[in-house]
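Take a look at the structure set out below.
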Amino acid sequence: MSELSDEASEPELLKRSLSMWHGLGAQGSPEELDVPLDLHTAASIGQHEVVKECVQRGELDLNKKNGGGWTALMYASYIGHDTIVHLLLEAGVSVNVPTPEGQTPLMLASSCGNESIAYFLLQQGAELEMKDIHGWTALFHCTSAGHQQMVKFLLESGANANVREPVYGYTPLMEAAASGHEIIVQYFLNHGVKVDTRDHSGATACMLARQFGHMKIVALMETHSPVLPKSLYRSPEKYEDLSSSDESWPVPQRQRPCRKKGLSIHEGPRALAKITAIGLGGKTQTTYEQVPPRGYVTFTSSDENTMESEGLCYRDVTSPINEQDVESSSSSSREEPTFCASLGPVWRSSSSDGLARAQGLSSEASIESNEDSDHARKSSVRKQTRSYLKNKSRHGNSDGHWPSSTGPASIPGSEPQTEKSPYSGPQDLATLLEQIGCLKYLQVFEEQDIDLRIFLTLTESDLKEIGITLFGPKRKMTSAIARWHSSARPPSDALELAYADRLETEMQELAIQLHKCCEEAEALRGQVSQEQELRAVVESCLLEQDSARKDIHAQLQEAQTLAQDAALVLDQLRACQAELSARLRQHHSPREGTPNPHFLSADSKGWPIPLQALSLPELSGALEDRVHEMGQALCSVTQSLEKLQMLNAKKWREP
């Protein structure tokens, strides 16, 4: 895993085959290496035929749990294998068997947004209001994960939107407001949930949204809730000010960890515990008792890493699903902001990097995931850090680790400012790299003659070009650069330099967006090229068909001309025959003009056998009959040719 780079994405890895090394000189037959899949593994990776075979045999207990406490239905519901879920439900598996954490298959499907699977489970009698050991229902799980359609589906299915988790008194609306899920909040408001419900600390959903900087949600909820008197907010134990202005909304006077986006289903109330770790009394806790969750192993930091001994390093080891194996990979690999709005930096990177630092090993194997939530998390951290520093400046608190932001609010004359604290950030590149655990890359930057000022202008593509190809260190550096531009004051007091630094940050974000747009444009160009090639092929086929049709049409016209000539000859023959018959009738009696039926018996060609025995009137009568038959046949041929020629005619002349 230490050789993985950012060029190997998860979908590409899933498409590749897995191989196993059996040692030097190990020779195994295909029969020995062909190990059959068990039911749980087959359900988790989508092997429908294997699961179907296990169900048809009837020898296995389909409700049996593995070592992690999960059933086959839980794996299929969590990952999203609809056909396997349907197969297991038809076999009669139990839909309400919980995991050791109390999570049912419906909760697992809701946490991943698998709406169709949730529908199947509810049809088979899954309990909609069943709670896990933390008091969370399926609606809580999909709300925390931000699955909009799943929330809408559960509300339409009759889920209780006013349910409260017992530890902190949160409702699903509070969870959505604190997480910044604006559309989900709109769903709850349209559903008619109670907006004035308070948690155990006295905060409403609107207060939580304001606290985490989600002002759109605040404005949305203010239209659905009555305006409270300001005296209620002026209480010493409440927030200072609840104005909707982005410039004046405060952060409570207490330490509160920065909220992470896209939480795992296993974190749940633990995340709420981090958010509401301190009451509303305005006192800041100086120390926190950090206990690793289940599935983690702690390591004591060495004496050399004294700077990093303040944080607790966790290490995830195996499965990204079961907590018995380890917490979800999407949660363990998220990186909390290093430069958080607190009295000091919070040192926590990816879990694998924490283990590497604790053991004094390389951190190249650290891989961070969830790129989509990383951008949203950094945006939330910027707002929280900016507002926190403004609030500290307003109250004269100068013991912050970072000074006020270099945005427009710091321009002289815009508002009264107190005495600025000296810049206490990293003074050189080595210090910054040491803080983020990438000091070993200092030599790479020194070879390229890159100092701190140049480093803070680098983008992700620049780092890759320099030689930083591993995903973990590269993400740490780009995150540190973005956090520095959003919260740190530049080493110079010149307004032009501050403005240039902010523009540089915006240019980096625009460059990322431009790169994505270029990739989309390139994909569209490829599609257009394929469309043009297909159009050229179709046009060539149409031209060939048109040429063949013209040839057939010419041949039909020629055949029709020949048929018309034959018809003209036939008309002349009829005229001659009529004249001959008229003359013969003048010299013979009517008895002799009647043909003898004995001589009209035709052979294979339709003519009488003894032609010499026929009298002239008999021969004339036979000739007249044959001419009539020839006329009918020629008429049919002519009409057939007309039908072939007039392919587009709606009505054809009947023969």
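Cβ from N, Cα, C; glycine included.
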> Looking at SER201, SER529, SER601, which one is marked phosphoserine in Swiss-Prot?
Replying inline: SER201
>> By the record in Swiss-Prot, which of SER225, SER235 is the one labelled phosphoserine?
In response: SER225
> To which residue among SER248, SER302, SER369 does Swiss-Prot attach the annotation phosphoserine?
Replying inline: SER369
> Going along the chain, which residues at least six beyond the ends of the repeat 'ANK 3' (101-130) come within the CB cut-off of under 8 Å?
Replying inline: 71, 73-74, 76-80, 82, 85-86, 89, 95, 136-139, 141-142, 144-145, 147, 149-150, 153-154, 157-160, 163, 265-266, 323
>> Rounded to a whole angstrom, what is the C-alpha distance between SER540 (phosphoserine) and ASN96 (3-hydroxyasparagine)?
In response: 61
> How many Å separate the Cα atoms of ASN96 (3-hydroxyasparagine) and SER201 (phosphoserine)?
Replying inline: 33
> When you tally the Cβ atoms that lie within 10 Å of each candidate's Cβ, which of the modified residues (SER201, SER540) has the highest tally?
Replying inline: SER201
> Hey, does DSSP put SER540 (phosphoserine) in a helix, a strand, or just coil?
Replying inline: helix
> With DSSP helix as H/G/I and strand as E/B, how many residues of the repeat 'ANK 3' (101-130) fall in helix, strand and coil?
Replying inline: 16 helix, 0 strand, 14 coil
> If you draw a 10 Å sphere on the Cβ of ASN96 (3-hydroxyasparagine), how many other Cβ atoms land inside?
Replying inline: 13
